[in-house]
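TrEMBL annotations:
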DOMAIN    3-71  domain 'Tetrahydrofolate dehydrogenase/cyclohydrolase catalytic'
DOMAIN    94-242  domain 'Tetrahydrofolate dehydrogenase/cyclohydrolase NAD(P)-binding'
BINDING   G120, R121, G122, V188  NADP(+) binding site
Amino acid sequence: MGGKHRDSAEIGVESIRVDLPADAGEDEVHATIQRLNADPAVTGYIVQLPLPAGMDEHAALVAVDPAKDVDGLHPANLGELVLGVDGEITTPLPCTPAGCLELLRRHDVPLAGQHIVVIGRGLTVGRPLGLLLTRKGVDATVTLTHSRTRDLAAEVRRADVVVAAVGVPHLVKPEWVKPGAAVLDVGVTRVGTAASGRAKLAGDVDPGVAEVAGWLSPNPGGVGPMTRAMLLSNVVAAAERAAGIA
Ligand SMILES: Nc1nc(=O)c2c([nH]1)NC[C@@H]1CN(c3ccc(C(=O)N[C@@H](CCC(=O)O)C(=O)O)cc3)C=[N+]21
């Protein structure tokens, strides 16, 4: 994923990538996190998820200095989504949910009073997105669905806006979508390897949905680039806070 570094260079932010060996243990991950926390040259960083199987992701996210958490996934920052229901949130927001909101706003998709069905309750997208969309000022009504939801198709059919973030290729079918609804395809799954050697990716939304939806955020090309934009926005905000400007 060179995208984040390309974007950083484009706006004049210096970026580094720390690769650990495939057999690195949890102690090496934590040593790296502590080093980045202590390094005054580092404004912010993310621990790229998923970590290898068996590693404690929660422990890694907690170890990140909240002031450098440009992923918005440290419990102190995530907690603002619950605690700061009235005022403006000044802590970093999780990048993908913030990107979804920004996309919907920039495309003038109405949200207040609208019914939004979010598919997926994961840490990086579904769970925080539900909190973000139901805040005062956004005022959407959210149904947060998941793998145990009874009759997902019926839930999706009632939605003015559908956000699919589960990682099940082409899960959302055209006949599930209310004509004219806005649909955001957030999930990505690797479904093989192209002849070029590049990974073949599939979104959570069946391509046929384009015929029914009023607006469809494509995948690739939609929420992914917005996620990167929100990451950089968090970096700039962290730099301003560290400099006492904001
Ligand atoms: N700590 C952490 N935070 C994350 O935010 C995080 C993560 N771990 N692990 C992986 C997921 C996934 N994710 C993407 C971001 C941008 C694109 C993106 O820009 N995609 C381009 C295509 C990029 C390409 O061509 O390689 C697009 O959709 O057009 C995709 C996926 C962030 N995640």
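Sequential numbering from 1, following the chain as shown.
For all residues, glycine too, the Cβ spot is worked out from N, Cα and C.
When averaged over the domain 'Tetrahydrofolate dehydrogenase/cyclohydrolase catalytic' (3-71), pLDDT in the model lands at 97. Annotation for the binding-site residues G120, G122: lowest Cβ count within 10 Å of the residue's own Cβ, G122. Taking the Cβ of R121 (NADP(+) binding site) as centre and 10 Å as the limit, one finds 18 other Cβ atoms among all the protein chains shown. Counting every protein chain shown, the Cβ of V188 (NADP(+) binding site) has 18 other Cβ atoms within 10 Å. Of all residue pairs in the NADP(+)-binding list (G120, R121, G122, V188), the one with the greatest Cα separation is 15 Å apart. Within the domain 'Tetrahydrofolate dehydrogenase/cyclohydrolase catalytic' (3-71), the DSSP-based counts of helix, strand and coil residues read 31 helix, 2 strand, 36 coil.
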